[in-house]
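Take a look at the structure set out below.
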Amino acid sequence: GLFVTDYFTRTPRKLSPFRSFASIELFHFHIPEDTVIAVWNLITFKEQGGTFGDQCPDRSITVYFRSGAPSVINPLHTHFPRDTAVPGSFALTLTWTLPNRTTGVFNVTSPLPGDWFLAAHLPKDEGKISVKGLYEECQYLFQPQLIVQRLVNIAVLYPGHVTEQSMAPHNRSCLYKVFVPSYTSRVLVEVLRCRGAEGCPLWLRVRAKAPPLHNSTALDCREHTPCQLAQDLPFWQHWYYVLVEKHPGVPGTVSFQVTVQLTDCSRPSLARPPFLPSSASMNMPHSFGSVGGLGLGDSPPPTSPNSTKHPVSIPVAPSTGERCWPVRPTLRNELDTFSVHFYIFFGPNVSVPPDRPAVFVINLLPVLDSGGVLNLELRLNVSSLCGENVTVFGCLNHEVPLTSGDNASVTCETESLAGFLLSVNATASLSRLRIPYPQTGSWYLSLRSLCATEHGFEPCTNVTAEVYLRAYLSPCINDCGIYGQCKLLRTNNYLYAACECKAGWNGWGCTDNAEAFSYGFQLLSTLLLCLSNVMFVPPVAIAVRSHYLMEAAVYIFTMFFSTFYHACDQPGIVVFCIMDYDVLQFCDFLGSLMSVWVTVIAMARLQPVVKQASVLYLLGAMLLAMALQMDRHGLWNLLGPSLFALGIMAVAWTARTIRRRHCYPPTWKRWVFYLCPGALIAAAAVLLYAFVETEENYFYIHSIWHLLIAGSVGFLLPPRAKTSRRLGPLPRRKGCGYQLCVNEQEELGLVDPAVASINSICTS
């Protein structure tokens with residue numbers, strides 16, 4: 001046949017350690033119809049500082065694949081919320097073959113057409129809090145590429161028509177497809193007049209939505225006469241693919257006829273009309289292939305006599321369970337993104353008669369609705385049972401309603417179909433079902449009332465049960481509860497929602513409390529982070545006593561906003577916010593940096609003219625506000641102003657040392673008892689903040705950070721500046737000259753000078 005190859009690629013993205021589904025990277029692909037093979041090329045490489053990360057450690061990368069909707073993954077093996085259905089997905093782990101690059105390949109033969117989603121993440125880390133910009137982090141980038149190969153001009157089988165085909169010796173198979181409209185209860189494929197060297201050496205395979213595989217429904221025409229393959233309860237509004245495959249090693253040409261019969265479940269004794277003038281009468285897509293047979297290894301000419309068609313009448317025996325009932329539609333009401341309510345006409349109370357099921361359809365839009373949670377709720381009106389032991393079973397199925405037989409209603413399963421089961425009775429009158437990331441398309445809910453007897457469930461007599469039915473689409477399960485936050489995420493043009501848990505809670509809906517923080521632990525951590533700021537009271541008292549009123553005001557500002565920022569920043573329920581979180585965070589960061597700035601400027605002891613004008617204080621406030629607005633967590637944006645202040649202090653101290661010709665401050669007591677301890681305490685605080693702090697020890701390491709920083713300020717703040725006082729009139733020399741008076745106590749930098757006479761040294 002004629003194959004067409006398509007290529008798709010996505011931009012590389014940085015992977016993150018897994019914490020919740022909000023931390024994964026999601027990639028969206030679309031596979032066209034008639035695809036026979038899809039190959040994903042998974043490229044992963046390391047980067048560090050803009051170059052290849054050869055020195056980065058090898059970390060395993062897990063990739064998940066799912067058709068129709070994103071994968072519902074659980075790598076941490078946490079508990080899902082109650083009444084939650086977890087769909088399956090494929091997963092593989094990539095291993096490194098080169099120091100900085102690896103490539104994985106994932107092949108899917110005859111993939112389902114439509115949307116495919118890839119999710120990738122790194123394993124969970126130890127939760128270390130790293131300072132941004134302190135060192136070059138290792139980045140793991142992931143880029144998926146898709147290569148698909150699809151067949152064109154696949155022969156289309158029309159129901160009730162016979163297609164003749166001759167399979168040449170060098171051909172192994174012929175592929176056809178037939179469209180199954182709504183209200184079809186059965187698809188019957190039959191091979192007629194098969195003639196070959198060894199009887200009928202053919203395999204007949206049928207599959208929905210994509211070409212058949214080796215494990216698809218199959219029939220050996222050698223052992224079955226007539227060669228008929230039936231599919232009960234087929235998917236509505238989908239293509240079914242028929243593969244006629246020759247046994248290996250069979251010589252010569254094999255000729256046969258193939259036909260398809262569809263049973264209309266609204267008229268179980270009648271088949272579909274043998275001739276339909278237009279595709280619109282069957283709701284068939286207009287993208288039909290060629291009419292006639294197509295061998296996968298050969299393309300016959302259009303005028304081949306082996307591709308003739310003529311109508312044929314095949315009797316279909318009516319059987320029980322082939323009858324379908326009217327499907328009641330639902331009204332779609334969109335309130336917000338992933339907030340959709342499906343209303344039932346003349347509802348929400350639904351009457352379920354005893355003799356037939358009540359069927360409803362919920363239509364989920366492609367791509368748009370697959371990123372949320374489909375919620376279903378059934379509530380039984382017990383008063384409507386009239387004392388009977390009635391159980392109402394609900395089967396939720398994708399693409400086709402399940403209405404065949406009483407046993408299927410109880411188990412919600414058949415040989416070829418499985419759905420989600422709900423049941424309500426007088427004892428348990430409420431039932432819920434949640435499907436995260438549901439596949440789009442039509443979902444059918446079939447309600448059936450049965451009475452419990454000694455022999456099992458049997459149809460009821462003269463009892464019409466009444467149930468309350470509620471169906472809606474929500475972003476997350478129960479809005480992630482009180483210990484989680486529902487986040488709306490986007491990858492390119494695809495939106496999806498996920499929970500981000502806190503306070504040690506985990507799970508898809510933040511309901512797994514295996515590692516949750518207790519209330520006492522939350523209260524203790526909040527009190528430690530808030531009350532540790534009381535350590536700023538001694539620096540405030542020292543600043544006021546030394547007449548550093550500007551510095552004292554900054555310390556009070558820092559103490560106030562740091563206390564209430566940490567009271568608002570808690571992950572649990574012990575939270576108290578007096579302002580918006582962003583305002584509190586900005587003021588806390590600004591106050592912390594301003595405390596460092598004003599302390600270092602005060603230690604510089606600049607000239608009174610410069611200091612009284614508060615030029616440097618105002619300049620520092622503006623620079624720090626700008627740096628925080630640029631990047632609140634960036635290292636150099638915050639470290640730059642601090643280094644600038646230290647530079648000013650170093651220049652001032654160096655100038656005085658040169659002018660005095662001795663070290664400044666000149667006394668060893670100032671260095672030993674104040675400057676060195678304060679510098680060591682500040683350095684210890686910085687080391688704890690940068691290298692020791694993690695998510696688990698944050699509450700007490702950061703509290704120690706508060707204590708150390710506030711304590712270092714008390715040691716580093718300079719003593720009060722003394723002015724020169726004259727004890728008596730100084731003699732004035734006659735003639736031209738000048739006097740230079742130096743305050744020795746101010747130059748010595750003592751904290752509490754003894755009450756003694758101040759020696760003023762005057763030189764002419």
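Cβ from N, Cα, C; glycine included.
According to TrEMBL, the feature region 'Disordered' maps to 293-315. Annotation comment: TrEMBL describes 499-510 as domain 'EGF-like'. Among the features that TrEMBL reports, transmembrane segment is placed at 516-536, 548-567, 573-602, 614-630, 636-655, 671-692, 698-717.
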What residues elsewhere in the chain lie close to the transmembrane segment (614-630), defined as a C-beta under 8 angstroms and at least 6 residues from its ends? 550, 586, 589-590, 593-594, 597-598, 601, 606, 637-638, 640-641, 644-645, 648
As a quick check of your reading of DSSP, tell me how many residues in the domain 'EGF-like' (499-510) are helical, how many are strand and how many are coil. 0 helix, 4 strand, 8 coil
Contact ranking winner - 516-536, 548-567, 573-602 against the transmembrane segment (698-717), Cβ under 8 Å: 516-536
Please report, as numbers and ranges, the same-chain residues at least 6 past the borders of the transmembrane segment (516-536) whose CB is under 8 Å from any CB of it. 483, 503-505, 555-556, 558-559, 562-564, 566-567, 569-575, 699-700, 702-704, 706-707, 710-711, 713
When the pLDDT values for the domain 'EGF-like' (499-510) are averaged, what is the result? 91
